[in-house]
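Engineer: Quick one: the structure is below, questions incoming.
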Amino acid sequence: MGCGQSIDADQAHQNKQSAAIDAELRRARQDEAKTVKCLMLGAGESGKSTLVKQMRLMYANPYSDRERHDYKEIVFTNALQSMQAVIRGFEVCNVALPQQHIPTAEYLLSVHSEDATDPSTGDIEPGVRDAIIALWAEPATKEVVARSSQFQLNDSAQYFFDAMPRLGEPRYVPTDQDILRTRVRSTGIVEEVFAVKAHRLRVFDVGGQRSERKKWIHCFENVNVLVFVAAISEYDQVLFEDSTVNRLAEATMLWESIAGSRWFTQSAFVLMLNKVDLFTNKILGAGPPLGAYFPDYTGPPRDLEAAKNYMRAKFIALNPRKDRGLYVHLTCATDTNQARVVLAAVMDQVLTRLLSEVGLL
């Protein structure tokens with residue numbers, strides 16, 4: 001009789017363990033059903049990481065004092081490296097640097113990025129601050145910046161140059177906009193997790209340069225949503241890694257290959273035509289005509305709506321899966337108000353689709 005009781009006890013223990021495992025699996029399936037996996041793709045410097053920062057501001061805690069302090073060095077480095085690029089750009093653009101500014105330019109070129117910050121205070125080195133302010137006050141410098149499509153320059157260079165008196169104040173603390181404007185080249189895969197309307201949003205931001213792209217496909221088969229970001233303002237610029245290739249032409253080729261990939265047949269697609277503010281300035285201002293780089297554009301050279309419609313139609317035409325829903329938005333990733341509206345609309349569209357697919361709508 002004792003043996004029978006032992007068997008019954010063992011069986012009860014096994015049943016209890018099995019029930020616990022089943023319950024854990026159910027919880028895991030429920031958690032998985034509430035998890036939305038979002039993959040951010042696009043060529044280098046398209047603005048993917050800026051959009052992820054906007055998601056952070058929308059759906060997560062504000063940047064901490066520690067994080068803002070850490071961003072100070074990035075802000076200072078971006079400003080220094082941008083002005084160094086402009087100084088080199090004088091020769092590229094065949095613009096003469098006024099004689100009185102040559103010592104200032106030579107000084108800035110001699111400063112290493114890690115030396116832009118005063119280690120004792122955490123503030124920008126006063127000499128670097130004053131040199132950037134002095135060069136930015138020179139009209140010839142602004143002429144070179146206006147022609148920056150001829151060389152590689154951070155889109156936020158002018159923002160940091162204009163803000164340098166504020167950035168150079170003692171105990172300066174980066175604002176949200178300062179952080180959004182910073183540029184750190186994405187390498188590898190960075191994951192962020194946010195809570196959005198009772199869902200868990202996992203966002204994967206991957207490096208956009210060519211050397212990083214081979215890491216994309218094998219990691220993310222059939223994510224819930226794929227967000228492709230293309231900087232339409234770069235129609236007159238060349239790649240950082242290959243000066244013979246037009247940036248927008250590269251983006252369209254990349255988009256076509258991703259949109260037609262067998263790895264994403266079940267994914268919702270969101271296309272963000274980014275940097276529309278810079279695009280607008282080029283089309284309506286002194287930028288080169290769109291048709292000079294894309295001969296199939298036949299609209300008026302300074303017609304903004306025609307240029308936007310061309311860009312939208314060009315990317316939509318390269319999507320081989322006409323049966324798949326494609327959400328298209330023109331965006332300015334550094335404009336927080338606009339980004340909030342667009343990102344909220346994207347999440348509503350994607351969540352509605354996902355809930356419909358599982359029969360909850």
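Glycine residues also receive a Cβ, built from the backbone N, Cα and C atoms like all the rest.
Note that TrEMBL annotation is computational and uncurated.
Pulled the feature table from TrEMBL, pasting it below:
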BINDING   45-50, 155-156, 205-209, 274-277, Ala333  GTP binding site
BINDING   Ser49, Ser186  Mg(2+) binding site
Engineer: Hey, how far is Val276 (GTP binding site) from Ser49 (Mg(2+) binding site), Cα to Cα, in Å?
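Structural biologist: Approximately 16 Å lies between the Cα of Val276 (GTP binding site) and that of Ser49 (Mg(2+) binding site).
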Engineer: May I ask for the distance between Ser186 (Mg(2+) binding site) and Lys48 (GTP binding site), taken between their Cα atoms and rounded to an integer number of Å?
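Structural biologist: If we compare the Cα positions of Ser186 (Mg(2+) binding site) and Lys48 (GTP binding site), the gap is 9 Å.
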Engineer: Hey, how far is Ser49 (Mg(2+) binding site) from Val206 (GTP binding site), Cα to Cα, in Å?
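Structural biologist: Spelling it out, the Cα of Ser49 (Mg(2+) binding site) and the Cα of Val206 (GTP binding site) are 9 Å apart.
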Engineer: Taking 10 A as the limit, how many CB atoms besides its own sit near the CB of Ser49 (Mg(2+) binding site)?
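Structural biologist: Cβ-Cβ neighbours of Ser49 (Mg(2+) binding site) within 10 Å number 23.
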Engineer: Around the Cβ of Ser186 (Mg(2+) binding site), how many other Cβ atoms lie within 10 Å? Please give the count over every shown protein chain.
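Structural biologist: Within a 10 Å radius of the Cβ of Ser186 (Mg(2+) binding site) lie 20 other Cβ atoms.
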Engineer: Using DSSP, would you call Val276 (GTP binding site) helix, strand or coil?
Structural biologist: helix
Engineer: By the DSSP assignment reduced to helix, strand and coil, which category contains Glu45 (GTP binding site)?
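Structural biologist: It is coil.
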Engineer: State the count of C-beta atoms found within 10 angstroms of the C-beta of Val206 (GTP binding site), not counting that atom itself.
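Structural biologist: There are 21 of them.
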Engineer: Starting from the Cβ of Lys48 (GTP binding site), draw a 10 Å sphere and report how many other Cβ atoms land inside it.
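Structural biologist: Excluding its own Cβ, Lys48 (GTP binding site) sees 27 Cβ atoms within 10 Å.
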